[in-house]
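Note sheet for the following structure.
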Number of protein chains: 2
Amino acid sequence: MPTLRLALAQVNPTVGDLAGNAAIVVDRTRAAVAAGADLIAFPEMMLTGYPVEDLVFRESFVAASRAALRGLAADLDAAGLGSVPVVVGYLDADGPATISAAATPGRGPRNAAAVLHGGQIVASYFKHHLPNYGVFDEDRYFVPGDTLTVVRIAGVDVALTICEDLWQAGGPFAAARRAGVGLVVNINGSPYEVNKDDVRLPLVQRRAAEAGATIAYVNMVGGQDELVFDGDSMIVTADGTLLTRAPQFGGHLLLHDVELPAATDPAPGTATTGTASAADGSPEAAADGLTVVRVHLSDTVPAAGPAGERVDGGIAERVTDEAEIWQALVLGLRDYVNKNGFRSVVIALSGGIDSAAVAAIAVDALGPDRVVGISMPSQFSSEHSRDDAADLAKRTGLDYRTEPIQPMVDAFLANLSLSGMSVENLQARVRGVLLMAVSNQEGHLVLTTGNKSELAVGYSTLYGDSVGGFNPLKDVWKSLVWKLAEWRNADAARRGAQPPIPENSISKPPSAELRPGQLDSDSLPDYAVLDAILTGYVDGDLGRDDLVAAGHDPAVVDRVLRMVDIAEYKRRQSAPGSKISIKAFGRDRRLPITNRWREQSE
Amino acid sequence: MPTLRLALAQVNPTVGDLAGNAAIVVDRTRAAVAAGADLIAFPEMMLTGYPVEDLVFRESFVAASRAALRGLAADLDAAGLGSVPVVVGYLDADGPATISAAATPGRGPRNAAAVLHGGQIVASYFKHHLPNYGVFDEDRYFVPGDTLTVVRIAGVDVALTICEDLWQAGGPFAAARRAGVGLVVNINGSPYEVNKDDVRLPLVQRRAAEAGATIAYVNMVGGQDELVFDGDSMIVTADGTLLTRAPQFGGHLLLHDVELPAATDPAPGTATTGTASAADGSPEAAADGLTVVRVHLSDTVPAAGPAGERVDGGIAERVTDEAEIWQALVLGLRDYVNKNGFRSVVIALSGGIDSAAVAAIAVDALGPDRVVGISMPSQFSSEHSRDDAADLAKRTGLDYRTEPIQPMVDAFLANLSLSGMSVENLQARVRGVLLMAVSNQEGHLVLTTGNKSELAVGYSTLYGDSVGGFNPLKDVWKSLVWKLAEWRNADAARRGAQPPIPENSISKPPSAELRPGQLDSDSLPDYAVLDAILTGYVDGDLGRDDLVAAGHDPAVVDRVLRMVDIAEYKRRQSAPGSKISIKAFGRDRRLPITNRWREQSE
């Protein structure tokens, strides 16, 4: 059996940065070639970044992606890296977008993979299965492929597939079995969800069994707006053995020597690089309507496998849920800040758990020099709140300031007749104006600190504490905020480092401190109860009766559901944040604002 | 030929208000029956409202829609209206949503039409063509139908179709021809776009020719979040003759007597109401894979047509573009306010054209008693600005107040070190806080007044003048704001009424008045130039080179495109508003925030 040294480049592209992304490919290919790789694979839509959304409809962008691919092939060859095949995702098109009057059925933009070799694009493949649920909208953008591309590399037949192709039975992987391939390369832009790594491995194993072939799964890593890609690249054999697996949330070049079956039939025609020939009537391939396109690169099997020692990529250890989520939040924030060109962030520090957690995430993501924390006490702020905020600043080393809001609040109150909730909201809005003024003056990105429970029930002030360009906790239930804070502190203690979050911020009862003695529990059920109901209603799409049947107090269920339904309006205007579960408020939760439907009895 | 009196109910449902929508059906059916109608049709998704978005994933909502349909059939019969067939759109499902683990291929939620008769649901049809572009996401939500439903009514074979089915050749309308129907009922939730009425009639004519049958096209009317449905219901014969057409933007019961061909083959089986029988192997129907389900309601042809005088629905006159757009903006605002249960709105009046136009739209939508206008002068506000705002208030009769912002601005300036743009933005944000305080205290919805040109280039203050829950001008280029204002004044003058908008607000050069002597032209190209470039770039997806080739100054193009690309971030957080062109910022413009792609050379 030939032994191939595979290199899976788990890298972090940026949407729209065609030149920068191509440079990453050249750099990682250089490293892989130096390490003796026989085949190198990069993630889905590597050249453009992912997802590109409506940029697909801009013909100039499609043209730029295609030009960048040709340029990349030439650049790799010019750098002396042309002899090793490179699989890379990009945006292609064989016709105008389907929204165009000039559209042709079956043609249009394509989510594509190419094999680059010898300075040429020697093969390409168009994704078959286009996800159109949750955060995915690929039916809007792409036309599905109907061809399987098989490339003979070092005597092994290798099939190309992309992301969602892996999640569907009976598709390209079944066709790959009939085409008799030894390896399926699957390139991904697969966003992180809680415990998604627990789903991925069994899925890859099932598909490897279906294909009867080893699968090389490579995923991107990094934050893109509300999405976080976690990497978790791996190689799994046809019998389900996990050979190697990369860690999540970091860049990684996963190198592993894999024994693969030699192709049994000599490929037809001459082995001219860059010449694709359709299979000569393989009946298996024809059976499901999939045409197989075979490309012959090389029959030269590495004599005794790659030179030197056997390379083993190892199997990265899995971490706890809290560690995984924390890393996702840190990576999502870091990339949002850096990729959008912000130098620093500013956070309102109340002394409470949410702002403390956001500050700790920000310091982990950017370092203390790039984080400004402002305490903005009012007449209702307790002494312990100010102390806890100052303590947090001391523990983390962030740039700490205090700006009392009472003079500005008083100026409004002197000129307007306000009472009750209006006065409470006014304080939050004065803080918002203050944060934005500092942001404008000094160039920081404002971070919002509202957790998912608050956002769900509307327990926040529109244009007040909801002000900000990014919200790390947007998709984190309050109960989980506490767990994460405890985990982060314990993890620091384990490492002999300073726990960043004041114990008092974790243990004290939560309060918005917008009126004397106010507590969250005045307005909301206990967070354990609240979050259990919200998880069912928001994440699970359970109805009112389902929630009652699950044992919740009907009166509390009705109260919570009414709060959520009324809060939809606020949520539509909240800032984007990192996504860590399958459903979040934001891009993938699409509900009418104008809606009279109510689960609960009125 | 049988003559049938058709009734097309152009009505205004509310999303989620199943009981209220059913009550509309009963009420309009009563009116149609009283007028002697033989067949009554209501719009797409009549019972649930449209679009329901992710409510589809809530099983309890699907169950409620199905129950409401059964209840409606019974209620119509109980009200003595059971003898006339009623076509009504609703949400159905024959399996769990496709995102569910329990999903079955080919089954799931359905965008459906039912025929109600004799207290029963006697026929149903599932939409074939699911639009998934622009404002539509139906591939996410629905499973397409593959059956044509033909109902024998008063001796005429009637096929059911839904909305997008009309926009595709070779689908149900071609099948309807092979099934030999005399009438195709097409029920719609078709949103308004500028000049869409000019597209609809030729489209209905083409499809009528394809079907070889008369088409009864009924569309909903009313605002739903960012969408405005304009009605424009009509009946067109197979030879393309427009028989009758309803006005846009208002509720209407369109009644018209139509001669239709008697069905030539007696329908098979007994004519039992509610019994559906598959066609006995019609080869035409089988040819394209569409099964035809035939339901036999009645062969009784009205002897000499409906009793009494011939009823002619007339052909509503078309209006100018400006009149059409103004009505769309008024309707969109009125329904957003009323359907969301707001009593009144509040608007910041600067004396400029945008706030004057919004105030005039609001007064037309709600009446002057439901509109509060607040002038919030600063030290940079000119005397004419205050005069123009007061003049507008006098002309329209809205509730007018003045709240100088200098004391609050000074309080911030005394406590913070701000300069330049930060001070300009501070003024806008103090106005935002003031508006929200009044909104909280008195319950008004805040209207935003930024036009589409400003939003496109980011010429606004985040959390300042962008504060608000609805923006009537969100999708209106600045050049069009002027045209609309001129049209509205001229129209008033024609009717001998008071023109609402001060001439000075229209004629003076626009200024944000955030620093001494500031003019929009300090920061932006002339609006005629700007809007021409923006229309190409935003609405037309033209690239930089296309715009230069179209004759624009390359330096200006580069400058404008850079402003747009940088402004994407602000736009993501702007308030929803009415949609009046095929592309708008908001739900249907989906661009990555994090994006390095630039059209212009750097």
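Every residue, even glycine, has its Cβ placed from backbone N, Cα and C.
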Just to be sure I read the record right: B:Ala348, B:Leu349, B:Ser350, B:Gly351, B:Gly352, B:Ile353, B:Asp354, B:Ser355 are listed as binding ATP in TrEMBL. Which of B:Thr244, B:Thr448, B:Thr449 is listed for the same site?
B:Thr449
Around B:Asp354 (ATP binding site), how many other CB atoms lie within 10 A of its CB?
25
Chain A neighbours, restricted to the binding-site residues B:Tyr133, B:Ser350, B:Asn425, B:Thr449, by C-beta under 8 angstroms:
B:Tyr133, B:Asn425
For B:Tyr133 (L-glutamine binding site), just give me the three-state DSSP call.
coil
Compute the mean position of the Cβ atoms of B:Ala348, B:Leu349, B:Ser350, B:Gly351, B:Gly352, B:Ile353, B:Asp354, B:Ser355, B:Thr449, which form the recorded ATP site, and then list in sequence order the other residues of that chain whose Cβ is within 8 Å of it.
B:Ile347, B:Ala356, B:Val358, B:Ala359, B:Ala389, B:Ser505
Pairwise Cα distance for B:Lys196 (L-glutamine binding site)/B:Glu454 (deamido-NAD(+) binding site) [Å, integer]:
25
Largest inter-residue Cα distance among B:Tyr133, B:Ser190, B:Lys196 [record-listed L-glutamine binders, Å]:
16
Take the C-alpha atoms of B:Ser190 (L-glutamine binding site) and B:Gly352 (ATP binding site) and report the distance between them in angstrom, rounded.
34
Averaged across the domain 'CN hydrolase' (B:4-260), what pLDDT does the model get? Just tell me the whole number, please.
95
Sparsest Cβ surroundings (other CB atoms within 10 Å) among the recorded positions B:Lys127, B:Lys196:
B:Lys196
Pairwise CA distance, B:Asn425 (deamido-NAD(+) binding site) versus B:Glu44 (active site, proton acceptor), rounded so that it is a whole Å:
45
